[in-house]
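Among the features that TrEMBL reports, FAD binding site is placed at V317. Summarising the annotation, TrEMBL assigns compositional bias 'Polar residues' to 74-90. Taken from TrEMBL, the feature domain 'Glucose-methanol-choline oxidoreductase N-terminal' covers 177-405. According to TrEMBL, the feature domain 'Glucose-methanol-choline oxidoreductase C-terminal' maps to 531-651. The region 'Disordered' annotation in TrEMBL covers 71-99, 661-685. For 45-64, the entry in TrEMBL reads transmembrane segment.
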Amino acid sequence: MSLFSPMQNDDNSLYYDSDYADNSTIGAPPIAKLSYKYRHLFAHLYKLIYVVIFLLGVLLGTSLNNLPTTNTNDSQDNTPSSHSQKQITSNPPPSSSRYDYIITGSGPSGIILAHYLSSSFPQKKILLLESGTASSASVIPSQSWLPNVHVSILDVPLLWSYVATSSKYLWNIPNARVGRTVGGSGMHNAMMYVRGRPIDFENWPEGWEWSEILKTYKSIETYVSKFKIMDYRGKSGPVITSKPEIADAVGQNWIESCRASGIRIDENGFNDPSAEGRTGCGLYDFNIHNGTRASVAKSFLSENLPSNLHVLTGSTVTRVIFDSKNTATAVEYVNGGDVNVVMLKQGKGDGEGLGSDFRGDVERGVILTAGAIMTPQILRNSGVWEEGDVMKLKGVGKNLQDHPVIGLIYEIDSLNEASAYTISTQLKEFGDMINGQGKDVDYGVLGGPGLSSGGFFKSPYAKENEDSDVQVTVFPRVTEPHVTSFMKNDTAAQPKAKSLITIALLRPDMRSRVVPSPFNSSEAAKEFPLPTINAGSLSDRDVEILKWGLEHVREILSSPPISKVIGNEYSPNKHGDQLKSWIRANVLPNSHWVGSTKMGKRDAVTGEYDDDVVVDERLNVIGVKGLMVADAGIIPNVPNGNVHSTVCVVGRRAGEFIVGEGGGGKRKSKSGSGGRVVTNDNNNA
Ligand SMILES: Cc1cc2nc3c(=O)[nH]c(=O)nc-3n(C[C@H](O)[C@H](O)[C@H](O)COP(=O)(O)OP(=O)(O)OC[C@H]3O[C@@H](n4cnc5c(N)ncnc54)[C@H](O)[C@@H]3O)c2cc1C
């Protein structure tokens, strides 16, 4: 079995149970610590209150549900048209419109960048193009709290796994769960908030030192906690981060067994940057606030949208158009079946002030933020790739990295509630738990995404200066989207519920590749070419680390109290060389894609970029002008832990570089393109 084969041809219907998409139970705030009976009562009380508020709203004619939409060409687009939301629309601007910046892709990076630019440059016009539609709940905060109105399942934490298997908001790319909606994969990810470690950035170019990164993490985040908020936390950023107040039952037992095994218990969501901060077991931090997803889309686009920012949904960018001097001048996109072109404003002169030297003095430009899988395709469509006619860049799509993951599945002995378990029974039980109706967990109503705890461990194969190279995540039921595929043929009723523990490689040797498909410009309106992902292979060392991780987890599971809760190992139930073969055959992608448009610096001796480098340290695409990449793809080496927080940093740093606060001073180009020499003439970091 190849790395990705288990995810091919998924039968989504198997995992999707419409009962769970019933949003009538959402909308109640956390009541985590009440007993089962009282939680039920409270849930109903809150629903009643919301129904009353909703009816009042309807009577007063202010019901958000009744607002007309601006959508004209996509019946699924819930784009609202109230106040600032008029700026989020699927109606293309008139062909005469000109923008200072055109940003392609509204994932976490694109949204943060677009917001930063439009706030920093109130006089400039910014266009954010998104292929997918806007979820109503992602852009109108209050709407997600009303019962019986159309809210998006994307905003219900519990349902992230369902969304990950539903095609409606995803790109149809085999083996990848890439979000296609305002908010990108930030709308259906697991919301685990794990920052990178100082060591992750050691080899990054100038301007990306840990001090800058930490400052940026802090500036984006507000950490909500009833405990002391440490200095390394953000206190006033837009993205809310919090820790579940209490673990699920399996997670609690996991933490206690770690403690009993003498393992350090982390109290800071593994985000303390100090030396031991990424070791041991504990609760994760999540992008959840009051029981709802604290997505970048909601945080940045739901209110106070700068009036100079226009978010254009239902608009698939096909390519960037360059002039004869390889300067980006326009973007072609398909909207409602029509091919449109949107132009940048004219600069001072052809190509002047743009390109690989731009920082602080840039007047206009295109910034690609379509994510690590899709941006290489746009680059190829635009003639920038290994055989490109605009610029030959061998690195486009190369160096793709992830946190390859395996799953350990255990039967649960003491927590059984049903007499027989099918996958859908398990999912139902899981849903009940999160909705505050389960008997064995105490999240409270929508208090968590369905998991709460895990751990970081250092294998004997880690380098001396590395703190951890294995990440463990404990799922109270087998629901994690990548691993449910293991069980998809296992539809027969099982006597026992099962719990899943995933083990991921944090610093893999393995490298994969995005292979963009050929693009035929005359066919652009019909079909956007989708890239494929060529999975690399695990190195022997990668396999040894995963094996060590799995055996280490087994050891912890053999200590009470968790040993008393779980029963037999269901999968892989293999040891020694058999286990190694199983790992090679069953390792899965983890959706933490980075590196396919790698950022790099010039070699100090040769003055050249390595072959796999696509953007320079200021994120400018090498060899052309006025084009940047600012998404997960530029991250040269996958950080230790889930990557969303670091992708947010990329969006923000890109904005700072353009506005000119990026540290390292304003630079000047001494030559044209490709092999140009860049000098710093002002060190104002
Ligand atoms: C199932 C899943 C679970 C995850 N869980 C976690 C987690 O718990 N914690 C964590 O830290 N990270 C997690 N991640 C990873 C995290 O969500 C991503 O790293 C992050 O969303 C990447 O952001 P991005 O802005 O680079 O791209 P994306 O989020 O991929 O956004 C790109 C956007 O560009 C749009 N786009 C693409 N092509 C075009 C085009 N041609 N024209 C117009 N628009 C286009 C897409 O529709 C999309 O909206 C998870 C990811 C997945 C898929």
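Note that Cβ sites are derived from N, Cα and C of the backbone, with glycine treated the same way.
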Open item on the list: Give me the DSSP three-state residue breakdown of the domain 'Glucose-methanol-choline oxidoreductase C-terminal' (531-651), ordered helix, strand, coil.
Closed with: 44 helix, 19 strand, 58 coil
Task: Cβ packing number for the residue listed as 'FAD binding site', 10 Å threshold - done: 27
- [ ] Restricting attention to the domain 'Glucose-methanol-choline oxidoreductase N-terminal' (177-405), give the mean pLDDT.
- [x] 88
